[in-house]
């Protein structure tokens, strides 16, 4: 007997054979659902009165051919159930003798395999793809260790970025290995930024470089990010993050040609990155070319039946949009941390307030993104921002009493996070709490604008204008 099930194994289904006391069932079971939730559905196909008979012998359980019990509270994937296995639906009180064996060494090896797979070709590939970017990044340190003049190190960095990008695109297009191509091309992004930063630098120390050099580095990072996004076609979040950092860094570089103070420039970049966050999902849909349903404009449109796009096309567009959104949020998180560091180094009270408000805005906005890969960038940015404020407060505190009060605040924040995490992992927060979070989210984003205007010096300029009329 074959039970009606879903369509594909790629959706997380395990095709197994379930042997019951009356019949055998070929069925596809979801891998991510606990076994206890699958048994009632299996009993419907196990024969008449199977569910009622379970009350006479303590219920039903699933066992492997070896007699090993499938834990009811765990899913099939966690217990290693694979396609083609034969499972037995038997009464709970049925005694299933353990299989005898005559080879202790083989039994030891079988037990060891239960705790994880041995190192194989897939592990070698993953290790190489993880280690090689770290080795490539050592090259940026070698460039930074160079002495001025910086033109030659800058040209070398740009050349390395170009080589790595070409090799990455070749791997993705000619060798059909988009993952390796993305790793190689992504390794060239730091070289592109560093090359633009140094190629036009004068014979001064690196700490003396200004915003015009940041502008050139950001432009090159933007260009190589676009090339990687178009040429590689995999891990697009990496290149989308580079484009975002390049755009925001370019804005900072352009503002460097004005008379705006450095703290004001950092505040403007931070505010732009966070204030535009509500529009990033829509932007990602446009860039990913996600097909959206069109609303009828006339009565005839309601009766029309336009052809639907292919399912594979929609899936590909969803993946592209998700990658763009994830990369954009990653770029915003990186730029926000750099801007926060610049504001704290400036040492003004207004800058510290802006860092706190921006961190709170990022933490509150993170709850609106459904996937962990999108939330983590904002969560890390917000948490690190608050941590930097705490560290800066401890460094500039004038007495041990102030440091003690700061310690109490840190401990209280940690306890609050722990209690909230444990509590909300068991039951979702109330709608009222969610509504309060939405309100404070909007307030925090709006509050960035007047604080930034203060750091830019807009209020002083307006006061000067009105004073000139007097």
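Glycine residues also receive a Cβ, built from the backbone N, Cα and C atoms like all the rest.
What TrEMBL says about a protein is an automatic prediction, not a curated fact.
Note that the structure is predicted; figures quoted are calculated from it, not measured.
Per TrEMBL, the feature domain 'EccD-like transmembrane' maps to 124-465. Per TrEMBL, the feature transmembrane segment maps to 127-146, 152-172, 179-201, 213-231, 238-257, 263-283, 324-343, 349-366, 378-398, 404-424, 436-462.
Only pairs six or more apart in sequence are counted, and the transmembrane segment (324-343) with the transmembrane segment (152-172) gives fewer than three Cβ pairs under 8 Å, not enough to call it a contact.
Counted as Cβ pairs under 8 Å, contacts with the transmembrane segment (238-257) are highest for 213-231 among 213-231, 263-283, 378-398, 404-424, 436-462. Counting residues 6+ beyond its ends, the transmembrane segment (404-424) has Cβ neighbours under 8 Å at 386, 390, 393-394, 397 in the same chain. With a threshold of 8 Å between CB atoms, the same-chain residues lying at least 6 positions outside the transmembrane segment (213-231) that come near it are 158, 161, 165, 168-169, 172-173, 182, 185-186, 188-189, 192-201, 238-243, 245-250, 252-254, 256. Across 127-146, 263-283, 378-398, stretch 263-283 shows the highest tally of CB pairs under 8 A with the transmembrane segment (436-462).
Long-range Cβ contacts of the transmembrane segment (378-398) within its own chain (Cβ-Cβ under 8 Å, at least 6 residues beyond either end) map to 329, 332-333, 336-337, 340-341, 344, 347, 352, 355-356, 358-363, 365-366, 369, 406, 409-410, 413.
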